[in-house]
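Q: Feature table excerpt (TrEMBL):
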- 1-23: repeat 'WD' (REPEAT)
- 33-74: repeat 'WD' (REPEAT)
- 318-340: region 'Disordered' (REGION)
- 366-436: region 'Disordered' (REGION)
- 408-422: compositional bias 'Basic and acidic residues' (COMPBIAS)
- 423-436: compositional bias 'Basic residues' (COMPBIAS)
Amino acid sequence: CTFNKRGTLLAVGCNDGRIVIWDFLTRGIAKIISAHVHPVCSLSWSRNGHKLLSASTDNNVCIWDVLSGECDQKYRFPSPILKVQFHPRNLNKFLVCPMRHAAVMVDVEGTHRVIPLDEDSDLNIVASFDRRGDFVYTGNARGRVLVLDAETLTVKASYKITQGTASNTAVKSIEFARRGSCFLVNTSDRVIRVYDSTEILACGKDGEPEPIQKLQDLVNKTMWKKCCFSGDGEYVCAGSARQHALYVWEKSIGNLVKILHGTKGELLLDVVWHPVRPIIASISSGVVSIWAQNQVENWSAFAPDFKELDENVEYEERESEFDLSDEDKSVVQGEEAQDEEIEVDVASIDRVAAFCSSDEETEDIGSLQFLPISPDVEDSEDNQATPHEVPIKKHRSHDIDLQGAPIDEIHPLLNKGKDKPTTKKGRPRLEHKKGK
């Protein structure tokens, strides 16, 4: 599952190949796209929210128009796809991570470039764009992390993750914060390492940068299924691979803030943090769980003289409360007695910092934040009109040929299905949970 940039829409991929888009404000289903025939394994929103990139276990990658629900482009790959990601600033490019093959940079028109490998040529590659799409970060099963220029694909920096006496520590995923320059690396040694990208670039090739934080479960030695940053980048959330449990750390000091436990016996599939609000969405057994804080009403924030009562008390009337002229009112003298005329600007819209990047002066007016829903109107029998059929736009198909890609491989989602509890096929449902 994944949120759009503003967090107003939540897209969830289903086992039957459909994509369900929820309006996150009303908690209602805004659109259902019949996307694939096989289960959806990865989703990514474009920056403006008008396009949605999806990958399925049948090795197909599609770009969907969110408003119309139609497929714009379809790409057929020879091997299973583990992850897809839109370019953060260019909706004409996206990144694909095939199984046991180097990552691929694909242009919307069908051309592609293979991300170069390191000299050890390990094919178990994970890749991700940085926050602005200037660089591509890749990691392999030997703990080697490369930083490549997104345009020229030249290596700008590299380093290797080591853990004690272990020679190889496989990189499972790389995730970037929406704000700031930090990113995290989830490795097979059950440790989440937080790095600063500016320090990585400063160290150059074969550098030895030290992580800002090392996050782990020292008691249970938990393996992490999925990790992500909070919207402001100040917290790190990780989902356990053994059970439906979410761990939340504070990035600055590395202490464990909260552990959220879901239903026992369920395995976590995915977890994402809301871009703006302190809300976490997790998927397990066909149910999308929404984790939020308990809201406490504070009326004194609206009226400073407001008093909250724990029990009923008898009201004591002031002496001058109902007098025509308030005798207790303080006398205002001088210039303060004159009413000031102030012009109120109701036309211009102030920039909301939470909705804009650090290099943006104004919000993107053309971004898609909500999906319009037309009411169902039944025509009377006397005034029955022939329904106007909208012609279906034919999508363009592209075959992506990858040299040396495994052809007969089974997607990990299908391969591990025997070990997982029975998941509900079809439409998932939202479940609200509160974290104290």
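Please read every residue number as a count from 1 along the shown chain.
Backbone N, Cα and C define each Cβ position, glycine as well.
Please treat TrEMBL annotations as automatic predictions, because they have not gone through curation.
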Q: When DSSP states are grouped into helix, strand and coil, how many residues of the repeat 'WD' (33-74) land in each?
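A: Residue counts in helix, strand and coil order: 0 helix, 24 strand, 18 coil.
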Q: Using a Cβ cut-off of under 8 Å, list the residues of the same chain at least 6 residues beyond the repeat 'WD' (1-23) that approach it.
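A: Same-chain residues near the repeat 'WD' (1-23) but 6 or more away: 29-45, 47-49, 52, 54, 56, 64, 66, 231, 270, 272, 274-277, 279, 281, 283, 286, 288, 355, 367-371, 423-428, 430.
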Q: Could you give me the DSSP helix, strand and coil counts for the repeat 'WD' (1-23)?
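A: Across the repeat 'WD' (1-23), DSSP assigns the residues as follows: 0 helix, 13 strand, 10 coil.
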